[in-house]
Structures are given as C-alpha cells and as structure tokens.
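Q: Attaching a single structure in structure tokens format; questions to follow.
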Amino acid sequence: MSSFSAECWDFSGRKPSFSQTCTRLSRYLKEKGSFGDLSLGMTCKPDVNGGSRQPTMMNLFPCEASGMDSSAGQEDIKPKTMFPRQSSFSSSSSSGTKEDVQMIKETTKSVKPESQSAPLTIFYGGRVMVFDDFSAEKAKEVIDLANKGSAKSFTCFTAEVNNNHSAYSQKEIASSPNPVCSPAKTAAQEPIQPNPASLACELPIARRASLHRFLEKRKDRITSKAPYQIDGSAEASSKPTNPAWLSSR
C-alpha cells in the first residue's frame, strides 16, 4: 500500500491525471482481487449447519402484537354489520314480513286524505261573498263552472259583434253611391289646378310690381313733405337773373 500511495504523485509534484488513476485502479484490482468488505455487516451469515437463514421483519410494536395474538386465540372477533339487510318482498322472505306488508297496505287504503278546507272569497256582480271552511273539491267545481260560463259568454259576445259588423257593412254598402260614376263627378266638379312650375315663375314678377308701386307712393310722400319744392327750384334755376344794376346800364 505504501508503494501505491507513493506512486499517486508524480516526480514533478503534480496530481495524476484521470487516465493514470484508472490504470492504477485496475492494477490494484488485479493484485488484490476485490475492494475488500463493503457490506458493512449487512450480509446474511450462514448457520452453523451451513444453511442460510431467511431474513425476518422487524416488529416495531412487540407488546401490542403479542396481546392481539393471545386475544385472537381466545375469542373469535365478529365483524360489525354497518348496513343490515332489509327484509325483501321475495318468496324467500318469512311469512311474518308478508303479514306486516299486508297490514301496511290495508291501513294506507283505509286512511283517506283529509280534505283541506279554507275560507273562500268571491267577487261577482259588484258583491263580495266570503265562505268559511270551503273544501278544495268544491272550490275546484266552482272554478270549473266559472270557466265554462266565461267561455259561453265570450262566444256569445263574439257572435253578436260579428252580426253587428256585418249589418253595419251592409248598410254602408246600400247607402254608398255607385262607385263607377263617382270618379267622373268628382273630376268634373274639381277645378283644374295650375302647374306649380308656372306659379314659381310668376311669383317674382308679382313681387317686383308690388315693389314698384310701393316705391312710387313713397316718392310722392317724400316730395310733398320736403322743406323745399324740387319742381319750383328747377324752374327758378332755368330762368336768367337780371340784377338791378345791370338793367340801369
């Protein structure tokens, strides 16, 4: 081993490479044959007679296990029935269960559902009628009668409306004039309407004429209300003026 440990270092003082370590490991295995005892005392040791003993499981709770074994030897433990079997109605069931079933059926047949009663209020013809302890069956009968009566009244009302409508339509047809002659009469009576395009052209002319009339009236008013008369001044300006000193010469 001393030679092997000494060879682990090179002469130069450097660490060996991976290939060198592998070669040295193979050389060591060839010399020694194995790595030694690596089982750490966990291998099965053979008995004195030469046979190997099978490994046994470690008992973590030895006290409880021994108590369970002793109680199991003394008494047989019976499992509890959490869901007991119900009595079936098959032929294998006992006669007692059949009798019980028949008794239950008879009692259910004999017992009738009690009719529930409550106060009933009816609004009819502008009146209010209140009945105490009115059974549900009678209330249903009253509702059925009301539905039948409402259906009959509705059919009668619709028939009357249809008859009145037909009679009114016949009267209108009889009172109305001949529909063929009416368009000719209306066309003759109605005046001929002018073309809207011609009206649009005539409107500016009428406005222009009315504007001229308005301006003429305003012109007359302006001339009459002026502080001096325009016509007189024009005549005076047209006549020559002869001063007195010119006439003396």
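These residue numbers are counts, starting from 1, taken along the chain as shown.
Note that Cβ sites are derived from N, Cα and C of the backbone, with glycine treated the same way.
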Q: Write down the single range among 48-73, 152-177, 204-229 that appears in Swiss-Prot as motif 'Jas'.
A: 204-229
Q: By Cβ distance under 8 Å, which residues at least 6 away from the ends of the domain 'Tify' (113-148) in the same chain are close to it?
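A: Apart from its flanks, the domain 'Tify' (113-148) reaches none.
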Q: Do you know the mean pLDDT across the motif 'Jas' (204-229)?
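A: 75, rounded to a whole number.
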